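Quick notes on the structure that follows.
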Amino acid sequence: MLDLKAVAADFESFERRLARRGEGAVQALAPVKPLAARRRELNVLLEKQKKEQAEANANIRQLARTDKDAVEGARASLRALGDEVKKTEAALGDVEAELTRLLMVVPNPPSDSVPDGKDEHDNVVVRTWGEQKAYGFTPKPHWELGEALGVLEWQQAAKLSGSRFTILKGAAARLERAIVSFFIDVHTSRGYTEILPPYLVTGETMTGTGQLPKFEEDLFKTTNEPPMYLIPTAEVPVTNMHRDEIFEASAMPVSYCAFSPCFRAEAGSAGRDTRGIMRQHQFHKVELVKLSKAEESEAEHEKMLDDACEVLRRLGLHFRVVLLCAGDMGFSSAKTYDIEVWCPGQGAYREISSVSNCEDFQARRIRVRYRGENGKPRLAHTLNGSGVAVGRTIVAILEQCQEADGTVVIPEPLRPYMGGLERIAAETFPRGVER
């Protein structure tokens, strides 16, 4: 959430910065301006009324010594003035509540280092690791490979849960567990503390990281009141862990990694990635989260990006890093890098991680702070990134590591987690006859 005082003091600057995101961001900010002006008026009026109240109190004390007959009339005037103060305070409270509601749907202004642009076509490739492998055959997409190997099952999953769900069988299920363990081991060796968070959280928790109120249609929630929400990413519970806390500067940065299932309604994604496991209602991910000093968040962002890239480098998967333009960034982010892994069966680079610096945008909502050099509490900066998406790593392994005979070579770092298994070959599983 934006700082109301800062917005009110220089509205045009925020309007100009948000315009880089697109007209929608400017429109979201527009109603704030007249209400901020009304807030200033009410604050001036309240200050004036309280000054008059203090003067009236002093006058009553003086009259009590010099003119007792006039005291009752002065007290009546003071009571009337008190009623006016209460009315002004109530009006101010209403205005501030509405301002908070409005600011909850205004996105984070992009950092100055973010390139201009409207959408994914304006993103900037900043570096590439590895090369596209030359195949002596036409590489297949992962959905064809998974079906031929018998390890990815959609028909039975649809029977259980509908579209955008997948059952992993045999070697694919083992591969998923191996990837998770490998990712966690790499990240903890690089200074992250492992967290296993709750998968159901409150509305306040969802609001803290920016999913609510703007993106409720993308979430799954329970029907009880108040509802609980299934997390769309471990960023939500892990970032909120330190809500209303103050750190000593010496404790920063705080670094966490967390494995969790993620649940997303994928509203607005009809017709996109309907085949395979690229876009699911339920998937697994290892998330990286940091709380940083304000002056160190840019450097910590680059470190987090490198940590996410490291797991892909060790697996030998070809990928590139893309700096998102202002119009393509997520709601809470001030700057985001996407890591895109090469999928030869699809002939495209596909996102496998987003690594974002939210600066103090989330911290203002959850009130997480640290003591600065002067000892005064200062808002922390929050950072998050996929380290990385597990299902999409399976996609990359299936497509990049496929052989002409239809088998898939398992990257060497994962083999110890899979009992030494070196490749995935076709498997046959029991299946009944449909009645």
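Backbone N, Cα and C atoms are what each Cβ position is placed from, and that goes for glycine too.
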L-serine site partner of Thr233, Ala234, Glu235, Glu287 (as recorded in Swiss-Prot), chosen from Ser113, Ser161, Ser163, Ser386:
Ser386
For Glu351 (ATP binding site), what is the secondary structure by DSSP, using just helix, strand and coil?
strand
Round to the nearest Å and give the CA-to-CA distance linking Ser353 (ATP binding site) with Glu287 (L-serine binding site).
9
As a test of the contact definition, list every same-chain residue at least 6 positions from Glu287 (L-serine binding site) whose Cβ is closer than 8 Å to its Cβ.
Thr233, Ala234, Glu235, Val238, Cys257, Ala258, Phe259, Ser260, Asn384, Gly385, Ser386, Gly387
Residue among binding-site residues Ala234, Ala265, Ile352 with least C-beta crowding, 10 angstrom cut-off
Ala265
